[in-house]
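What TrEMBL says about this protein:
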- B:58-153: domain 'Polymerase nucleotidyl transferase' (DOMAIN)
- B:Ser67, B:Arg70, B:His153, B:Lys173, B:Tyr182: ATP binding site (BINDING)
- B:Ser67, B:Arg70, B:His153, B:Lys173, B:Tyr182: CTP binding site (BINDING)
- B:Asp79, B:Asp81, B:Asp130: Mg(2+) binding site (BINDING)
- B:168-293: domain 'tRNA nucleotidyltransferase substrate binding' (DOMAIN)
- B:219-251: region 'Disordered' (REGION)
- B:225-240: compositional bias 'Basic and acidic residues' (COMPBIAS)
- B:312-457: domain 'CCA-adding enzyme C-terminal' (DOMAIN)
Number of protein chains: 2
Amino acid sequence: MSDEHADANGGARRNDFERVLTTVRERVDPDAEERERLREVADRLTERAEAAATDLCPDADVLQVGSTARNTWISGDRDIDVFVRFPPELDRETLEQYGLEVGHATLPDGHEEYAEHPYVKGTVEGFDVDVVPCFRLESATEIRSAVDRTPFHTQYLEQRLDDDLAGDVRLAKQFLKGIGAYGSDLRTQGFSGYLTELLVCEYGGFRDLLEAAADWQPQVELDPEDHGERETASPSRNEEGGVADLPFDDPLVVIDPTDPERNVAAVCSAENVARFQHYAREFLAEPAVEFFEPADPEPLTESELQEHLEHRGTTPVAVRFDAPDLVEDQLYPQLQKSLAGITQGLDDRGFDVFRATTFADDTAVVFAELAVAERPSVERHEGPPVHVPGHAEGFYDAYADDPEAYGPFIADDRYVTEREREFTAAADFLESDRLFDVGLGAHIETVLEDEYEVLVGDEITGLLEEFGRELRTYFEPRP
Amino acid sequence: MSDEHADANGGARRNDFERVLTTVRERVDPDAEERERLREVADRLTERAEAAATDLCPDADVLQVGSTARNTWISGDRDIDVFVRFPPELDRETLEQYGLEVGHATLPDGHEEYAEHPYVKGTVEGFDVDVVPCFRLESATEIRSAVDRTPFHTQYLEQRLDDDLAGDVRLAKQFLKGIGAYGSDLRTQGFSGYLTELLVCEYGGFRDLLEAAADWQPQVELDPEDHGERETASPSRNEEGGVADLPFDDPLVVIDPTDPERNVAAVCSAENVARFQHYAREFLAEPAVEFFEPADPEPLTESELQEHLEHRGTTPVAVRFDAPDLVEDQLYPQLQKSLAGITQGLDDRGFDVFRATTFADDTAVVFAELAVAERPSVERHEGPPVHVPGHAEGFYDAYADDPEAYGPFIADDRYVTEREREFTAAADFLESDRLFDVGLGAHIETVLEDEYEVLVGDEITGLLEEFGRELRTYFEPRP
């Protein structure tokens, strides 16, 4: 849509915009009953945790944190986070022990889980509850583990998020969910809840955030508490930073108000920053409820897959193996590393990768679509310049009597020979031990050493049953 | 051969070396009768030219130049160059007119030819004779055209080449002929006669030249008259030169003793410098008469060609056309330019060129052996970063509604689309008008506009009749 058209229809579109938001608010705002129930359960759990904690350590206290504490949860979200704070004098081992005792006292049916340190997780009246121990510190810059920071975030935002902004946070979160950019997990590498809340606060609302994002020129820098201004002379900042004002090279930089050393958007990929910008523009131009609705693709059918392959003329290959038993935040970085390694391995051998991705469920797949799946029997092998003492003669003598090699001849100032290529088909490489020469995630390497399968061309129809949705997303890509 | 082995057999090899040179000398040294006959004819022509020249211009004189004048011709060479020098006060037009008159008087059956200016060429008792007019100048730095330099070269070398060195020049020339590196024409881009003579003088003989060349570390700099020493403070040198002492970036630099601004080896390619180094080493290690014998390959047979293609697994393509009617020094640069342009055009479109060359006789051919001759139907098309105002939206809008294109989607911070590829087969590109988008030599472009033929795969057997020798050289490359 052209700018003139957009201007002429500005008023109508603003009405559309408000109408869409009204519809979305009805979906995402928790009603009075939902709030009441959550408040009731959260308060009860807090009291229970407080009693157990002060029993063990009179100086302990308990906080509700996260979106349910900050009134920014989306209707239907059922996460309650209870943080139990202990004085910093406590040693870590005792903190962990106390934390688990308080957790079990608060959640009698709960079980232990392990993040940076152990905590107790359980279900209470349909809510998913975490009881997490942390240290109570003077400042977020003193933290000993990431959870110690959370209370500071809640305190900071509680002071700034009124009901209007909290409502706009819910819209922003749902918008990011709709476009697939919500979540700071390492699979999504998108916008965390805290980041979303800071952005809405900083820009003053959902619409203002969209309008700002539509015009973002990365590197985008936000510094809500002006840490940069106050600390430009800090030597530690300069050591990290180099020439730029901010010591971060991410496309989006939001200095944590509670910790000037931290970019809240560090995990957010360039792709998700661009994606948010794209959809902000699209939504402002033509508002619609659909932007808030996550894609839920139908699995690709076999005939659709065949049609894509015929239309594209590429050669798909897949390395398929049992997904290692890892949490997603460990699994996806390993899949990404394996994808990069295998892609490089294919490219290095002349099998040009057109596009590639990974899928994971029960099995996991490194999937690559090749523009070149076969190479000739010979490859060019450049030797040293003829003038390099020793090395040049060594190269010449090594190939001069090789009946399989062409040359050596001279090109420019170098010896060149044309020798037999190790792999003339991409699948041969993937099926060989040389696959283990590329960078693979450690756990994935272990799984592959045990067993894996290589699918080529039409054989990838075998992926449809488990990864039909992923294949539709792959073959029908959108921003 | 290892160095120890070489040392242990040094004495025997030196004997081999001398025995080989003796055999070669018998072939290349003109005998007394040949010298006598040449001297007699040359003197007679000189006298005739002198008479005609001084008739026209009392101040004119006549010189014999070139290898026959310097006693460095190879037995059987039959070129006599007679230079007629006129005083520099003469205007160019008169010089040309006088030159032709003297030429016709000297060579009554001769005909006119045109290099930088016209001259007369003819045959006298089996010798090929050129009568060339030039200006008689004080110094070679004052020259008005390249021919004016020639008398200075002859004068310089006449003072330095004794009979021994002249004999070694003949060996060096024949060696360079044997390895295919002799001649400063633009097809060969090798060692000129004058360059060969300077190198033999500078290093003090053929064997010394070989031993030096075996250890050359380009950039190799020779400055027989120490111009560099004497003129380092010259501003014109500094303007041309930059940081290096010498204002040339050629691998071999031999400052013309008669003109410090000129590198005598400027036309000599890196490949031929390396080739000479390679064969110098090989010959010193294992002397043999064969080094002095130019390759004379048998034409490749059809079954040999088939065998090579099967063994290599590449796809040959050839663009064949009538050779434009040009002298070789014009034709070969145009063929080289067309080769570079077509190779680039293929590579740019994903048709990876494995090796390529040109042939010319009645027809001319740009021949490319492809590692990739076909590509998928789609090609990746990267758009601007999503944040670039205007350009990004323009790209997105252009492809969003294109039913043939995949995407746009976002990769890193950019829009990307996968659109239909213009050419999926290399031959389609070569047969299309887009061939004229690449850099072609002007005369070759004209010929191609009229008609050309594209041969693919087995069709290149059609080249065997005209280019069987060239194809053997291509498929059996040696240094």
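Yeah, the Cβs are placed from backbone N, Cα and C, and that goes for glycine too.
Worth saying up front: this structure is predicted, and the values here are computed from it rather than measured.
Here the features listed in TrEMBL are painted onto the structure.
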residue: B:Ser67; record: ATP binding site; Cβ contacts under 8 Å, 6 or more apart: B:Trp73, B:Ile74, B:Asp77, B:Asp79, B:Gly193
residue: B:Arg70; record: ATP binding site; Cβ contacts under 8 Å, 6 or more apart: B:Thr154, B:Leu157, B:Glu158, B:Leu161, B:Ala166, B:Glu197
residue: B:Asp81; record: Mg(2+) binding site; Cβ contacts under 8 Å, 6 or more apart: B:Gln64, B:Val65, B:Gly66, B:Thr68, B:Ala69, B:Val129, B:Asp130, B:Val132, B:Thr150
residue: B:His153; record: ATP binding site; Cβ contacts under 8 Å, 6 or more apart: B:Val65, B:Tyr194, B:Thr258
residue: B:Lys173; record: ATP binding site; Cβ contacts under 8 Å, 6 or more apart: B:Val28, B:Thr72, B:Ile74, B:Tyr182, B:Gly193, B:Thr196
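In the domain 'tRNA nucleotidyltransferase substrate binding' (B:168-293), the DSSP tally of helix, strand and coil residues is 63 helix, 15 strand, 48 coil.
For the binding-site residues given as B:Asp79, B:Asp130, the lowest number of other CB atoms within 10 Å of the residue's CB is seen at B:Asp79. Classification of B:Asp79 (Mg(2+) binding site) by DSSP places it within a strand. The domain 'CCA-adding enzyme C-terminal' (B:312-457) scores a mean pLDDT of 96 in the predicted structure. Take the mean position of the Cβ atoms of B:Asp79, B:Asp81, B:Asp130, the recorded Mg(2+) site; other residues of that chain with a Cβ within 8 Å of it are B:Val65, B:Gly66, B:Thr68, B:Ile80, B:Val82, B:Asp128, B:Val129, B:Val132.
Counting Cβ atoms from all protein chains shown, B:Tyr182 (ATP binding site) has 23 others lying within 10 Å of its own Cβ. If you compare every pair of Cα atoms in B:Ser67, B:Arg70, B:His153, B:Lys173, B:Tyr182, the residues listed for CTP, the longest distance is 18 angstrom.
Helix, strand and coil counts under DSSP for the domain 'CCA-adding enzyme C-terminal' (B:312-457) come to 53 helix, 51 strand, 42 coil.
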